[in-house]
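Student: The structure that follows is given in the form of structure tokens.
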């Protein structure tokens, strides 16, 4: 090349004197005419064949459209994605008006649940290697700049070049860093989707024993708290392996600068790591916090499901205490963990000082000729500051890694739980002949290692047969159906079923969707068949009552349907499916006799819709048995008798004896086609009030989780800091300021040290300099420990108060609140939002305050060093605030939308776990998985733009920080004659930290603002309508009240809401002590409303109720509800011991408990249990039969010993013999009590002293049963319908 230039008569290719060592730099003529011209040509000619090949192989040949390269609709956009320009339109839109779900971008295909769940192993990660190389080059640029400042003869343009070089490299560093963060968050998001998808799929496969171990609370925690911890782990994951590389590089450069003294820094780092490793190990053992959290969420779920029982029994305070104990344990573990974390954080954040102290100390003490000038000190400090980022992130990385390991262990434990074995039941194709169900030598248990619940089961059911299964409570009837479904472990024998299966459980499982969707259950609507099913299941009259007909939304667990309606909907779902084999677990016990007869005749019986299907019916109704083709009599887990009705009668065994004993009671009297529960009455009333609304609005019941709009109100911050307390706040601010003052002092001390002139090539007073430096550094470290600890402890105090306020607000809310609020909304608050308040807000505050005060220190240093920096600092601050204000409005709204879209996920999980056996029986797993995936994707659609927008903000703000670096460097260059190298080094090294600091301020500020939304959502329920006071101070209520049980209704009226029609009107009746009163009436007559009025679940709209001379409106709710007793229709148990379920306040002796169990006919069952009264009841009492749960509710009533007892069809789930025993127990044990019975079976009240007949909210007639029969009015007509007259 040189020869070519000389032949052409040009100067040489390169000349340093012309290009570098001159005040007017230029390139040689040869370089300009060769390299500058040839390079672009060579590049284009090299690339052109590849471009032509690409055009040839493209699907649509031709040029690449520009729109493909710069499309604003997709995040794959290359030209804009480089600088995260995509969210601009979303951010601007969010600033103009609150964002809605419709404004969000659809998820990319590769981020969707379907794509991710296809292959979980296709995760990819992005490391930050490019970033690390850039960091070292930035240090080189700083070194060159300081060399320029020391050399007073250097050309001015070189200083500007080095300053510009520093600026460009800082911008590039920011860009690489945030692309790395973008990929980390993307992987984290996909990981979250994968974990939630895996957990949901596992829920549908859990065996019964695993289901008892894995509570719903634990499952909710896995998809909320644990997935968040795994996402955090992905962000910090690379710190674990990148940190050693960075440390090695930095110490290599330190060695070049200071020689062997750099080894002292390595020793310091080596000492820091074991300390923090030990702390991390201890903290991992403190992760019992998650166990407490699981138990708390599980208990909260049970409380929400059994809220009506808590209110009826006045048990709120007992369960408040139970939740409080778990919460205290959770926060105690969190507090100990946070103290250790504060030690770890302080040691790592002080690491840069400790390294500098050890390196400088060893350097100057090794040889007195070793001089620390500005270049050595501040290049060393810049290198050590590079270490500060990984070393300060390392405690977070270790903490999140430790938490992620715990979460992964919990996730692994859950995913490795036992699953239902597909070979428990052999599924065969349907055939019209032969046996549909075959069990040979069957022995089944609920757990692998448990005792068999069913033994020696041998049965064959021919296709098209109707099989009736009868037996006492707990004899194994429901277990037999579970075995046929494959829900039990097959210990021995063989079982096969031909064709598809439909299952109707004993307790109907109803989805929170429309009545129509509950029946169709994913099937296609065929109008004629749909109508036939509704008619056969006696649902047509209900459609006339419901506000929007079959489009009416049914609440969670069917809360706006009565027990009978729920069972008929469950039956209709099965019938509509047209399966081959039907397993019916006592569906007729929840309906009235004549409705039951109608269903049997039109659906189950020989002439019903299912006449050609194989039907296995568990029943207590003796009137149906004669029409069965085969009868199985269950006794203690085995079949004691089997045969046709006539064969069993001829044998004159236990079955024949049962028939002869109870044949007089086989026709169960009824009042109506089943009384609607109080919610049903409300629906009926709503119809008259809302008749102008369209069908969709009229049928709407539950309220979706709503997102607030706009910036988080200042009130929320005040609320949070009020709960933290003024003492904590003042301590935190003082410690932050003190810490930063110490940091400023020791940095300034370094600049003074650097500017000290040398005398004979040495510096003096090394001991004094090191001592002052060490004292200031250690002071800062202690202040940092105090700051982080104070913030953590203040956060725990705030979290304790906010959780307690939320719990009190929820438990004191009216029942109407729970009827319209999905449990997922509430569980979301108690899990994810409380977890954010526990951990995320304090962590965000630690970072934000630390970096804000650090930024303040840097601004002070820059203004002291180069006052003209203020001219740049002021406009940059204004632009910073402007960009931040634009962003925060959108960010908060995206956070709210993400939180709101999370509630349906929890509700769906809750619903699926409770109905898993039904979903499996119908083979609908795939459809439910798709529903879950859709809800997860909706949640991620709000999450994805939020972290994209965060990256956009960070890139823009760090650019402003880099402008500040440029300003500081240029002003230092211009003022090099007035400024010392020490001050310049101090200013520039600190300005270099601005980009990183701004990045972390943005992140922490955004985290705090976004997580304060959790406070907003938790405080949202403060304003819900509350019940009256539980107790009244100064109440003069006698301790033994009520002493007689006299009840008077005086012109009593009740409305479900103001402005609606009267649910009860002009009720005036006096019920004397020890009187037995039956309350009957047709659907919507107001029977259940009377019970609600007595317990003040609904407050009187007019009139009053007086019990023993005291107006119940004048006393506290607990004073009232604890003195009267109800035995509800739906038996509700809570997880815990039998003792706790009977006596949560622990006020009864063992003798009283055993006596109550004996009177409830449960003593023999409980005595046979290994732990007796301490026997653990599963969530919802699932390890007891429905009949046993109902008997436990009777035992509760016996323990309370009140003078007033209200019965609401309390014996529907028990066999006739047990029913007779219960009725005799009630008559004997409650003989001195006033008994009110809401009667569905009229034969149970025919011997009562009086019957009250309700009609349209008023009393139609009241007298003794014989007198009412003689009058031949409403009551007589009901008795005629029931076959009792």
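Heads up, the Cβ atoms here are built off N, Cα and C, so glycines get one too.
Whatever TrEMBL says is automated annotation, not expert-curated.
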Student: Kindly point out the range from 826-854, 855-883, 884-912, 913-941 that TrEMBL annotates with transmembrane segment.
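Tutor: Checking TrEMBL against the ranges 826-854, 855-883, 884-912, 913-941, the transmembrane segment one is 855-883.
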Student: Checking feature assignment: transmembrane segment per TrEMBL, candidates 723-750, 947-974, 975-1002. Which range matches?
Tutor: 723-750
Student: TrEMBL lists transmembrane segment for one of the ranges 261-280, 281-300, 301-320, 321-340; which is that range?
Tutor: 261-280
Student: Could you check if the transmembrane segment (723-750) is in contact with the transmembrane segment (855-883), meaning 3+ Cβ pairs under 8 Å among residue pairs at least 6 apart in sequence?
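Tutor: These two stretches do touch.
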Student: Averaged over the domain 'ABC transporter' (439-661), what pLDDT does the prediction give?
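Tutor: It averages 84.
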Student: Find the member of 35-54, 233-255, 345-365, 770-798 that has more C-beta pairs under 8 Å to the transmembrane segment (261-280) than any other listed stretch.
Tutor: 345-365
Student: For the transmembrane segment (345-365), name the stretch out of 35-54, 233-255, 770-798 with the most CB-CB pairs under 8 Å.
Tutor: 770-798
